[in-house]
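Here is the structure we will look at, set down as structure tokens.
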């Protein structure tokens, strides 16, 4: 597997879509600082699942989206796409090429894709587990992270070795299990708390249920007694109602007799009343005639009196109107005189107003002149104030500067004294060091001559050749052992899964097959997977998807026989089984697949034709697989679905299923995986063969190692003697060289210090001269500003005096203006009043003229009316005499009728008392009857209420109350019993009426939760066993990986440093995964020392050695290193370049961001990053 392509768009400085293609070998990315090279590393880390924004050099997530510049607008999203070649199937997916894409929007939303299909970030992270490309992996080193490898605490280095040991997936699974255990633990606590609570509730509810039972018994007794008492009332009401009905009936009969007598008397009375009515009408008739005559006389007399009175009133009014006419004439003459006076007053006031307006205009002109002058003076005064303020600010600024420069001069003088003393001291030290340098140089020359003579006797080349051969064989041996262990672990895990599956499922299925074969030995009873003779490896996954859960189904000859066997087995022996009956299959309509001719190379055929099986199962596989069409890939599936959708079920080799109903499913991994026993057994057999081959190879390698060890030891003994002598001389020479180098360095440092001190002294003197000049200039400017300020203040005082005088004058003018305005207003008001008065006089005069005219007209009218009234008085006097004569005749007839009426009335008076006596007797009987009826209504109401009460409270008709008449001997005894029972119920306290149902429900819930608690406990135990197994595998892998990394680290360290030793020490802890890892670095010709004392270049090389050691143990598909050679000088950078071009790394894919020339020369492909536009990175590539 290798990195094929990286595409970046909108990520940090890559505003435009940028595509980087990678080949095997070394790719170098170069460019100036700040051009965006490291953003490529960040993009790769982000697309592989990095979530920590600080690791990507940002503060918040949207910082990675291009934020725009002066030309380009900010983008709304960032997108990074990574394409990998997966032809070797290193990644656990079916595709030979995989594309990972991540996208983030400015709103903070993210999207993730695998080969264009949306997915979760977790899916991407899981794919790259154990590949060396997951989070914090050693294969991707960001800028500045190379230093962290050595500077980190020993306890923090374990993550690198965990990634190399491929145990990150185990850790991931362990974390998932621990979360499950935590959830289970929480669930157990919750369930236990609920069970405890329910248990406490059950005790309470049991007691409450007993109380409820006693309460119900008491209430039943009370009910019976209450019904007995109600029956007593019922019987009483019924008896009383019967008696009352008899009494009412008697009263009704008496009433009928009395009413007959009353009616007879009423007939006689009515006859007398009719006669009286006739006489009264006749009498009333004459009375009416007399009354009408009297009324007419009165009317005529009233009219006569009224006309006489009106005549007197009219005469009085005529006299009054004549007087009024004289008065109105006088008022009209007075109004004419007043009008002339008002006109004269108006002329006088208009003259005064004209004089006042002229005076006001003059005063206003004077006020405007004075105001303009004052405004100009104020403006001038404000300008002077601003100038004065600016001068004060400049003056304070100059004072501050003066103090500052005086202080600086004092400091400069002190520093000059110190520099002179330091210069003398350094010159003396320099003389002493030059003498020591000459002495050590002579000693070093002598020692070098002795070392050259000893080196000629060494046999290092032959020993190195044997050592290299041994190391290669040992590495091969370690690899084989590691492979054997991994394969054995995989085999053991598969066997456990196989055993578990057999225990869980197959024991029960085997039991069924065994009993079926016993009962029906000639019939078929086999698993479907076992009747398939062969599935080509290419189509294993497709057949698995096509058959889905049917793979583990049982094929039987006859369904009825299978059901007979199932009925013999208990639920514990067989709780679930899937059957396929051949007799039912024969009845099923077989799908015809002859409708399509396989001519397209992308169609592999129908599923039933690809597998091999016995001829007797042809119909079975025609039904199960005859409609399944197998095609090459997803695109082919989509193409053929257009033509065959609804006809065939289409499955592609890479896992897409298009069903008959058009639904689409995608299976990235094997469906059953470890659950399918057929595939488990097949894989176990394959692993056994591979383990046996590896054991044979291990024995061969051990024989080779033994042979080379004998040769190596003989050469090594001889060489060690020479080495001891050489080491002694080298040590002495190294000490001399070190001393010489230290002295030379010290001399150089002293010379540099002297130069620096002289330059510093020169700079300080120059600065002193500049400050003195500035001090003189500031002093001069300060004096000038002070004089100018005094002059301005004098001018401002004069201006203030002028302003005060003018202000007084203006105030006087304003006062005069206000006085004139008030006089004008007063006169205007007077003028208005006179105008109104003039109008009033005119209106009054007009009114008087109209009134005079009206009065004259009235006098004429009244005179005419007086003449008419005299005539009417004479007419009414004649009519009154005629009416008086007719009135005397009517009075005589009225007297005759009165005598007749008196006689009839006396007869009527004698008949009425008899009738009244009968009516009183009738009323008395009515009252008695009414009282009885009221009593009846009361009893009936009580009876009805009793009936309603019994129906409502006891749901009984009144007729059934007789069943309760013998419950007690008396009402008193029944009431006593009721009181006793109610007291007993009160003593029980509050009754929970739901206690019985709640008790049953809680008891059922208690039992269910108890079973659930036990099941959860068993699950927790199983998960803990699983964690211990995972920890054991992880620790063994970690230990083996650490030992292999240790060997490679020492080997690479020697190559980089051309000698020396590098070692790793594991400080064992109870949990080896949490142990501290110390890094020991011993460069050649140096003492063993702490890594913190190494130079930055040595630290970088040590870290690089460790990185490559980790990589060699578990090679990742590609490595991405960002400026790991920054701290290296030219020589060490060349060493790194030679390591990169070495044989061990020749087939790898390395991408390095660098500034080093030698690293660029080692690269096969070179990418250049530039930033032509502000904030936008651009790509330039060169392929060698």
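Cβ atoms here come from the backbone N, Cα and C positions, even for glycine.
Those TrEMBL annotations? Automatic predictions, nothing curated.
Among the features that TrEMBL reports, ATP binding site is placed at 32, 33, 34, 35, 36, 37, 38, 39. Annotation comment: TrEMBL describes 188-215, 262-296, 409-490, 677-775, 845-879, 929-956 as coiled coil. Per TrEMBL, domain 'SMC hinge' is recorded for 522-641.
Highest Cβ count within 10 Å among the binding-site residues 33, 39: 39.
Its Cβ placed at the centre, residue 34 (ATP binding site) has 11 other Cβ atoms within 10 Å. Working note on the binding-site residues 32, 36: by count of other C-beta atoms within 10 Å of each C-beta, 36 ranks first. For the domain 'SMC hinge' (522-641), the number of residues in each DSSP class (helix H, G, I; strand E, B; coil) is 58 helix, 22 strand, 40 coil. On its own chain, residue 35 (ATP binding site) has 13, 1169, 1170, 1171, 1177 as residues at least 6 apart in sequence with a Cβ closer than 8 Å to its own Cβ. Other residues of the chain with a Cβ within 8 Å of the Cβ centroid of 32, 33, 34, 35, 36, 37, 38, 39, the ATP site, are 13, 31, 1169, 1171, 1177.
For residue 37 (ATP binding site), the Cβ neighbour count at a 10 Å cut-off comes to 23, with all displayed protein chains included. Across the residues of the coiled coil (845-879), the predicted structure has a mean pLDDT of 71.
Residues 985, 988-989, 991-993, 995-996, 998-999, 1002-1003, 1005-1006, 1009-1010, 1012-1013, 1016-1017, 1020 of the same chain lie 6 or more positions beyond the ends of the coiled coil (188-215) yet place their CB under 8 Å from a CB of it. In sequence order, 57, 142, 143, 1122, 1123, 1153 are the residues near residue 38 (ATP binding site), counting only same-chain partners six or more apart with C-beta under 8 A.
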